[in-house]
Every structure is written in structure tokens, then in C-alpha cells.
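First up is the structure itself, then whatever we jot down about it.
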Amino acid sequence: MSEQANSSGIESLSNGLRERNAQTSKPIGDGEVTSQSLEDKLQIEEGDAADAEKKTFGRTPDGKVFTVPPTRDMVSQLLSPSEPKNISDIFVLAILGCHILLLWCLPSSFRIAAFAVIFLFWRASYNIGIGWLLHMQSNGRTLVCWAKKSNIFVNPSTGQNPHPTLYKMLKWELETKISEQYSFDEAPTEYNTWLVFRRVVDLILMCDFTSYCLFAIACGGRPAGESFIMLALRWTTGMSLVLFNLWVKLDAHRVVKDFAWYWGDFFYLIDQELTFDGVFEMAPHPMYSVGYAGYYGISLMAASYKVLFISILAHAAQFAFLVLVENPHIEKTYNVPPPRKRVAVDTDTKLQEDENSHEGSVVSDIANSAPVMPALQPVSMHNLLGLHNIDLYRSTDQSVLLAQLLFFALTTMTPSTPVYQFCFVLNAALWRIWYSVGIGYILNRQSNCKMWTRHFVKYGESNHEAWRQWKGTYHLSMTMTYASFIAAAWKMYSFPQDWGYGLVLLRHILGASLIALQIWTSSSIYESLGEFGWFFGDFFFDQSPKLTYSGIYRFLNNPERVLGLAGVWGAVLITSTKSLVFLALLSHTLTLAFIQLVERPHMQKLYGQSLRRDAGLVRSLKRSLPPSLKQIHGSVDKILDESFEFIEEFIEAARPKLATGVQTFVKDTSALFQKYPARVTISRLEPDLAGYDLKDYSITLEGTQPSQPAQFERASDKEGERARSMQFRRGEQENLIFEYGAPIKVKWTAPLNHSKKDWIGLYMVTDNTSREVTSVASQGRWIATNQASFDSETCEQGLISSDIVLKITREDCEPIDVASGEMVFSGDKLWWTQGVFEFRYHHNGKHNVMAVSRPFEIRIGRFDEDIVEADNYGLVRAAVEAALLPVVQNCFDRDPEIAPQTAEEHYGCLVERDGKYSKRVVFAVQHIVRADGNVRNLAWRICNAKKVLAPYSMSRSNGASTPTTEHED
């Protein structure tokens, strides 16, 4: 798969929050942009030009531009005698001293357990505590809201700060630390909040590392019977890993500075270029991957499995922190989809229809009316890889599942005698040979003479059919290769009798780590290449996309060359058998030959000079090598190239011929989790509601009414005879029925003295049995009635107005003044399903219900086929387009950047990246969305599907009914 292009998505700009220096920032808030623009800030006199180059300018979410003062790193601030110390520094040093004193005071029998608990506490404070704060800050700017709500950064002389002592302490603390270009009173709230946050981070990080080192000291020792050579080797390797870890941290801090080190862009952005340098060219997420090598070096020096296990646990927790906290924020901040190109209808999206030929066959109708799709590469509608893509209606998945079940049965039901072991090893070797040599030959012939595609074209099939068949062949071959290897490893493996004997436990740990490394590498390769690149799509479609190096390919040209086979060698470590060593050597040799003889020539032919010679890791290593070693490296490359050329000539002369198959199984059950997390009782009640009259509270709704057929579906022919007519209603109010996904405006009233922390939530009517207390979580479907009342900005999204005095007349004809307001529920604050719902007005941030709206129904209307002529394809398609367009717009939150304005307009890029949008449309329309690209293609797919199914339709108007047997005389 080498350096193949990524066929889908946009190259991610960063690999971790701490891995980037800065990014040209954009205001992401809704507040007013300050009139002092960045350009005005940069207009400095010529005499100050030298100083201006050193300045960094930050931008808050509301657009305010400020100068970011230079700051010192954590270790220098705390440990350097030349740095001024303040109360927080002394406090941190005192805590560290208490840790060291505790190690000296505790008896040896309690040290290990005590420091294990202490380290786990600080690690949880890091990954869970800091992670939660950053998550809340990223999604709702919670930390900044806390600061603004408490007014701790406001000068007490204004009379708005109720904490003057805290203000003075913070001002002295921060101005002592940052003496240049910084004013506590003039700095934005976001920057001051970040400075306070980083002091908390300093405490947690220093205590985390110190407690880990003390735990290693408590566990450290020398194994019985260890030789001096082994002792020296263990300490040399351990110290090397620690020094490497130290270099990684220092080089990373050199690149990203304090801004990214302390997650600065959760608070504000800085206007600088994005840079990747040094350690960031070597590995993805270096702070969290190779940056933890020192943990394993310390484990090696301590010679303790306890230290090793707790190191693995800490490392895993750090990766969870990366995946759950940093990566979502990076995607949201730095990888925003580009705006959709708004183009007029072109020939690529027009329907080639011939209404006069509609009387012909269904096949010809479909061919003539299909949208002309671009032939650059196939649109991936039904992926193969991944458990969530398993489709038991697909022959490929059926074949793979049956083959895996057969392998599992043979492996578990046969004895592990030498004869069976030999058969399983031979089977694994044959599958590996086929996977590399056979598949390699097919790809080589496809590259040179389009052999695979020509075969299918010869029998009247298209190149897309050849591509689908190839994917099945490769997929089955790959799964059978790894299944046979796993079966052979299982047959050769014997369960250890004594886990403490020798290096048995260490071998299993290292083996499992290598297997996990291969799984991660494979998933990273697939994430970078997509389905098109994974199955060597550029061998089948010449119009390949531009070559890009994203994801893992930023660091390695061919990650499968070494890391892609790490799991094979992990199995060798676990089993410790010569047979597995043979299979591993065979696999590695054939993989290298495949890359050199099949992939590399095709890539050079296809991409030519645009191919990168050295990846980021190689460039970094070459820069650090002396000239003599660089010459040796060049000589080795020359020898390898000549050897592979000889092998290539030999294989070209032999031309072996081999054949094919298919893979996968499982079903996605995530739909269950969409419904049941709300079934948790979380009620918080206000004990004193005296002084509030429930008659003053009210909720009224405004929304988009659905199409007329949706309102009359209840009175259909499937009901009883007396229920087929419209219901007679006493009174003026009609049933509230709103469109699926359409925004709903909520108007509320409340007493003038109502709490500023009141809020309105959206619920299913059946969720709450009580009308006085809400007993289930709103799951984010709520809006505050007043601004700045909660520690999050997401709860204010949709708020239009608050506390507008309105005079109303009660039922007892008494006129009174009440507070009123409006809000709009849309997007993620709506339920994306059908049902009956209600809004509830809650008091003072609790779950006491003060008012409940009228129940309303969300309904998806059925398309009325009787309003158009069934035989007129053009009219049917146009009617389907008109019916689909508003549904799709609602599902895309009516966002002009992603929602189409016409049937021909393509969806925005965010639809492909965030699956919730396509799932909404699939629920409403029950047809594939993402691959269609626009409403016109979706309508075409529906219309032609109806043509194919017309002979089986139960509707007399639109197709023949189910055939019945007639008795003839």
C-alpha cells in the first residue's frame, strides 16, 4: 500500500494538540469582533521592527487581538534558582517534598502499595481531571465562563469583584511570573484563565512524574542470580530510553512552546504558521507515543513487573486522553471542512433521460436515466473492511464468515499432534505465498496490461464490476492469510506452567504489545488510504487523486514494511517455536519483495517525480547520522535495489498463475445506546417554591407543519371503518404536528422574579410519568432562559430573547406583568426520530417542572404517489426531488455550508466526516445517502429502485400485484 493517495477526506493538519506550534486563527465565537484588527496591531514603527518579529499575537474567540507574553517552561520555573518564586511554586515544591519524605518515612512493607495508590491518584487527576476540564472548555468554554461569572479578574475598584483578596493574590502571582509584555488588568479573560489553569497543570504533572519515580524506587531491586553483564545491559538500555525520552520532551517543547504544551488553543488561538519539525517528523503523537519510552526504561532499571504493568496502564490512559479529549478538539478547531463549492448544474450531474424510451425495459431505463458520475474513481457506498460494514447479504462476507468458522472448528477440534501442527504451518505458508506472490502477480499484470479489468470487459462487464470482484478476492485472501497464521500459532502454542519462570511473562507482554502495534498500524493505514487505497485502487483507475502524505505516511513511506508485520513477530515471541520463526521470516521476506517488485514500480510509473524519497523519520535520522554512516546507508540501498531487480527479472520470467475469494462478520448494535442512556434518574429538586405562581408560567410552540398527507395518515384504509374519517375536534386547537428535523420556536412566560437559572428541556412524553418532576436526563436537548447563568455556552445556543416584560391577562381577568422570552431548538437539540414530545420549563437549574407545553408529534410524511402520473418518469422524479429537498435540508440543520439549496447542489464536506447527518437522512428516507452526493442522485436511485420493484408492488396504481395462481378449465 506504500505511499498511495488518500482517496477521501482532507489531510489532517495535526497529530496531537501538543504537536503543533500554532495555526492561523479564526474567530469561532458569536460575539462582536473588536474594531482593532490584527493588521492594526502589526502596524509598528520601523524602529521597533526587530522587537515586533519576536512578538506573538493571540486572538480570543470573540475576535479580540492581544500580544501573547513570553513564558517559561514548568521545570525552569520550579527548579531554577534564578527564577523568581511565588506562593504557587512554593506550594508545588512543598507537595513534592512531602512525597519524598513519605518514601523515607513509610516502612518498606507499605511503600509499594502506598505509592501505587498515590501515582494512580495523580494519573487520574491528569487524564480524568484535566481531561474533563479541557473537554468542558472545548465544548462550552466552561473555565472561561467560571472566570467571567465569578469576576475574579475584574478590578475590585469597579465594585464588581466580590473577591478582592483573591484578585490581589492572582495578580501578584501572574505578574511575578511574567514580567514582560504582560498586564493582569489588560489581558483578556481567556488568557488569564489559561495562566491559572496551567498552574494547576504544573502541580498535577510534577506530582504525577515524581510519584511514578518514587514508586519505581520502592519496587526496584536486582533479580536473584543476575550476572554483571545482564545488569550492565539492563541499566544501559534503561538509561538510553530515559535519555531518549528526555530528548523527545525537550525537542517537543522547543517546537510547540508553552502554548500547545498547556493546551492553549482550548482558550485562544495565535496567529502563526503551523510547523512540523524535529521529533514531530519521527512519529505520530510523539508526546504520547515515543514520549513514554522513559517509563519502560525506568521499568527496566527497576527490574519490576509491577512498575512495567503500572507503566502500561499509565500509557494506555494517556492514549485514551488523546482519543477522547485532544483529537476531537483538534478536528473541531484545525480541520474545519472547506466551504462547499456552489456551482451551477453541469453535465456531470444532469440526468440523461429519454422519456420516449420509458416503455422499454427496466434495464435500459436505468441506464438511460442514471446520472453521469465522474469516472475518476469509484464512489464507495458499501465498504468491506470493519465489523460495522459486515453484510450477510453479500457473498463476499458470507464466504469469509464460513471460511473463518471452518478454520475455527478445525483449530479447536483437532489435536495438537506433530502431524496436525505440520499441516497448519504448511497451510499458513501456502496462504502467505498466495497472498504475496499470487496477488502480487495479478496486480503486476493489472499494472502493465490491465489483465484483470480486460477479463471482465471481455464478458460485457464494466471496470467497476472488475473493481468489486477484485476487492472481494483481495479481502478473502487477506483474511485467510491471517486466519491460517493465527491457527498455526494456536497449534504451536503451549500454555506456560510457571509464569514466573525466566522471561515467560515478559515475552507475553512484549508479544501482546507487538500485536497491538500491528493492529494500530493497520487501522492508521486504512484511515490514511481509505477503501480505495487499501485495495490498490490506483492499479484499476488511472485518474488517481493527487499524491498526499497524511496520517502515518507523514512519518513512514511504507509502514507495512516493519510495523505492519509487528504482530507476526509478537506471535513468535509468545510461542517461541521454530515453525513460527519460519512463518515470520517467510511473511516478512515476501512482504518486502511485494513492496519492491509490485508496488514500487507501479507508484514510480503513476506518480513519477512526485514520489517522496525519504519520509519524516528517515530525514530525522539522516540529519543525526555522521557522514561515514550516510555513505554506508547509500551502499546498502544500492545492494538491495540490485538484488530486488534480479528477483524481479526471475519472477517476470516465471509468471505463476493463481486465484481468489472473500471476508467479514458482526452487526452494529449502536442503535440500542441511542435510546437507553436517558433512562437514568437524575432529578435535583428545589425545596422552596413559595412565591412562584404556576399560572404565570407558560410555553407555546411554533414550527413547520408537515405536508398534507402526513396529517391524514391516521385516517387511512388500514383503520376500522368508523376510524377512516378525520377526527371531530371540540375546540379551536388542532393537533400539533411538526416536520422531522425542522427547528421549533419556543415562547415562554414566567414571573418577573423567576430564577435566572431556569431552563427548558425537550423530552418524549413517555419519558416522564410525573408532571411535577422530570426524572430523566435531557441529553443536551435544553436551553437556558437567560444568558451567563450556567457554566457553558452550549446551553445558550438557540436563545433569542430573555426577560422581556409582557402584560398578560390571567384566566381570572387579572392583568399582570410577566417576563417572556424566545428560543429555537434545532440541530443536536432536537430528537431525530418520530414520536410525541413535550417541552418542560424547569426552575433554578433543578428538575422541578413549572410548565409543560402541549404534546406535539414529529412525523415523517409518506410520498403521495397518486399525485403524479406513474408512467411519466420525468414528473415522478421531479416530484420525488421536491419532496426530498426539504427533508435533506432539515437533516443538515439548514446549514448553508452543508445543506443543498437545490436538488443539483452537492452536500457539504462535513456530511462525509460526521456520520450523524447521513444517518438522519437514512432514517427519514431509508436509502443510501453519502454516496449519492446530492438530492438529484438520491431521487434517481429511489425512482429506479421503484421501477425494479414495480412487478412486486401491492399497489394497483403503480405496479402489478403479487402473481396468483389461476385455475384454467
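From the backbone N, Cα and C atoms, a Cβ is placed for every residue, glycine too.
What Swiss-Prot says about this one:
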- 1-15: compositional bias 'Polar residues' (COMPBIAS)
- 714-725: compositional bias 'Basic and acidic residues' (COMPBIAS)
- 1-40: region 'Disordered' (REGION)
- 705-725: region 'Disordered' (REGION)
- 1-89: topological domain 'Lumenal' (TOPO_DOM)
- 135-199: topological domain 'Lumenal' (TOPO_DOM)
- 221-227: topological domain 'Cytoplasmic' (TOPO_DOM)
- 249-281: topological domain 'Lumenal' (TOPO_DOM)
- 326-399: topological domain 'Lumenal' (TOPO_DOM)
- 443-473: topological domain 'Lumenal' (TOPO_DOM)
- 494-498: topological domain 'Cytoplasmic' (TOPO_DOM)
- 520-564: topological domain 'Lumenal' (TOPO_DOM)
- 586-969: topological domain 'Cytoplasmic' (TOPO_DOM)
- 90-110: transmembrane segment (TRANSMEM)
- 114-134: transmembrane segment (TRANSMEM)
- 200-220: transmembrane segment (TRANSMEM)
- 228-248: transmembrane segment (TRANSMEM)
- 282-302: transmembrane segment (TRANSMEM)
- 305-325: transmembrane segment (TRANSMEM)
- 400-420: transmembrane segment (TRANSMEM)
- 422-442: transmembrane segment (TRANSMEM)
- 474-493: transmembrane segment (TRANSMEM)
- 499-519: transmembrane segment (TRANSMEM)
- 565-585: transmembrane segment (TRANSMEM)
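As a quick check, the transmembrane segment (565-585) and the transmembrane segment (422-442) clear the bar of 3 or more Cβ pairs under 8 A, pairs 6 or more apart, so the two touch.
Taking every recorded stretch in 114-134, 200-220, 282-302, 474-493, 499-519 and counting its Cβ pairs under 8 Å to the transmembrane segment (228-248), the highest total belongs to 282-302. Remote same-chain residues near the transmembrane segment (114-134) are listed as 99, 102-103, 106, 142-143, 197, 200-201, 204-205, 207-208, 211-212, 214-215, 218, 263, 266, 306, 310, 313-314, 317-318, 320-321, 324-326, 329 (criterion: CB distance under 8 Å, separation of at least six residues from the stretch ends). Helix, strand and coil content of the topological domain 'Lumenal' (520-564), in residues and according to DSSP, is 27 helix, 0 strand, 18 coil. Averaged across the topological domain 'Lumenal' (443-473), the predicted model reaches a pLDDT of 87.
Helix, strand and coil residue tallies for the topological domain 'Lumenal' (135-199), in that order: 43 helix, 0 strand, 22 coil [DSSP]. Sequence-distant contacts of the topological domain 'Cytoplasmic' (494-498), counting only residues of its own chain at least 6 positions beyond either end whose CB sits under 8 Å from a CB of the stretch, comprise 504, 508.
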